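Written out below as structure tokens is the structure these notes cover.
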Amino acid sequence: MDSRRRFSTIAAVLLLLIHGSHCFYLPGVAPEDFQKGDELKVKVNKLTSTKTQLPYSYYSIPYCQPKKILDSAENLGEVLRGDRIENSPYVFKMREPQMCSSVCRIKLDAKTFKAFKEKIDDEYRVNMILDNLPLVVPIKRLDQEAPTVYQLGYHVGLKGQYSGSKDEKYFIHNHLSFTVKYHKDLQTDAARIVGFEVKPFSVKHEYEGTWNDKTRLTTCDPHSKHTVVNSNSPQEVAENKEIIFTYDVEFQESDVKWASRWDAYLLMSDDQIHWFSIVNSLMIVLFLSGMVAMIMLRTLYRDISKYNELETQEEAQEETGWKLVHGDVFRAPSNSDLLCVYVGTGVQFFGMLLVTMMFAILGFLSPSNRGGLMTAMLLLWVFMGLFAGYAAARLYKMFKGAEWKKIAFRTAVMFPGIVSAIFFVLNALIWGQKSSGAVPFGTMFALIVLWFGISVPLVYVGSYVGFKKPAIEDPVKTNKIPRQIPEQAWYMNPIFSILIGGILPFGAVFIELFFILTSIWLNQFYYIFGFLFLVFIILVVTCAEITIVLCYFQLCSEDYLWWWRSYLTSGSSAFYLFLYATFYFFTKLEITKLVSGALYFGYMLIASYAFFVLTGTIGFYACFWFTRLIYSSVKID
């Protein structure tokens, strides 16, 4: 079945490309047509909470179960996200409404009461799936003209008081009023599902006599057309209380076509602020970039002309500035091996992000393809090892290095090793909480196979090819004796200039960063990859320009130690990213548990480290190109 579905997906993609489709994205699965009376199987996914960030499987609390629980096959990305997709006792018939269908009756003991109480306390939401569409709760805005907002999943329950009482009680959503929206084909009478909504209610169901499968409820009876429309008599969660789970299903015909069915899900926030913020950010950064480029071109043009017009040795000796350090500017830095490793890793990251965003813009990684983004990034990271090895070995050979295997091994192992160590600690914390977000050992083994079975060999292949190439020649000769660096002004202090250099690249991305953090930590969809790609280009340009400017000032003050400084200048934007993540934690999130806080800061540390490697490499290559350009443009006596 999976292979047939994959084949139909590929065929659909090829047809869309051939016919020049103008769709917003290419859907993750092939459309499925349902005739009247066809069985619709609702699947259940993880329980999620923005307060704890710890997902749990649906059946971790005593909900009604089918006769046999079957797991759906999840891809690598879904497992890493904590998705656990299983079958459910909710079964519908296409275009056949149901009213007050009983699912099951449970009686709470001390253990089950505690399980429900904890999930209600932590504001957990139940996630379900029908025909690959996630279940949403429609929320009408006070402004009638504003579009309806959709929230993913419904709350397990809520807390409240009975009128006239101050004691806080726990109530469970035990009646679900489903709405399935469909788009009908007038010719074939087949229909495609285009919406899956729910209104949850808490109802204390009542019945006469003893309970059995055929017992009729007095609070919700399809025969007397008595339906649930409010939660005025809610179902309390307490020890020894019985809970009866029921549901309604309503089918609504919709004008929305199957290809556009995700549009409503993606309009989950006020997008006008989003667009305005991003455009505003881009305009500011473009303006700054234009100014920087103008200053650089005018200053450099004047400097090179002046240096080339010098005729006598006396004039050359009197001259100060970047030309004086030509004999030292290409001297290998301290810890040059480590620099090679970090540059190689940065190239790997850059390639992975570039290709991922290309696929995302084309629509292959839309939200309908659950886990697709994570899977694509992991696989691309592995295959980009080839370029990491090549870049590291080329730089290593330029620094007169001879042991290319050593540098290949460090490039292949260092960054993934540090990230894996942090990830393993975080995973152990999640295991301790018995959360479905814990990565199983089988998946861990698959990740290690990807790393050592594919990535490491590719890094070695890239290093071999890079090392076999002729070494990059310096445009000027390096003196045998290092030149003494004069005392620097306070504003040219390495720490100060490095920290200043990170502000502009961070400014290019921080508004977009807000939306990315919101999508990760507040369970919302992130889908505007076109704008993200623009921001990525602006980030690259900004990193390059700020590093070139500060490198130029550094060389003008006769400080030739630019290698590491260029990497750290743009890389310091990662420091601001982590500071912003800390600010976001305290202002936007309601995380109270220690484990959840540790998870947040652990994952943000990994993200900041990756951002450091990426931006540092961009800055380094910009400065490397710049120094080679200016020193090859002047006559050296």
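Backbone N, Cα and C atoms are what each Cβ position is placed from, and that goes for glycine too.
Feature list (source: TrEMBL):
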SIGNAL    1-23  signal peptide
TRANSMEM  275-297  transmembrane segment
TRANSMEM  339-365  transmembrane segment
TRANSMEM  371-393  transmembrane segment
TRANSMEM  413-432  transmembrane segment
TRANSMEM  444-467  transmembrane segment
TRANSMEM  488-521  transmembrane segment
TRANSMEM  527-555  transmembrane segment
TRANSMEM  567-586  transmembrane segment
TRANSMEM  598-626  transmembrane segment
Handout entry: Interface present between the transmembrane segment (598-626) and the transmembrane segment (527-555) (three or more C-beta pairs under 8 A)
Key = yes
Fill in the blank from the handout: When counting C-beta pairs under 8 angstroms to the transmembrane segment (413-432), the leading stretch of 339-365, 371-393, 444-467, 488-521, 598-626 is 598-626
Problem - For the transmembrane segment (444-467): best-contacting stretch of 371-393, 488-521, 567-586, by Cβ pairs under 8 Å - result: 371-393
Fill in the blank from the handout: Ranking 339-365, 488-521, 598-626 by Cβ pairs under 8 Å to the transmembrane segment (567-586) puts first 598-626
Fill in the blank from the handout: Tertiary contacts of the transmembrane segment (339-365), defined by C-beta under 8 angstroms and 6+ residue spacing from its ends, are 13, 23-26, 333, 372-373, 376-377, 380-381, 384-385, 387-393, 395-396, 399, 401, 407, 410-411, 414-415, 459, 529-530, 532-533, 536, 563-564, 567, 610, 613-614, 616-618, 620-621
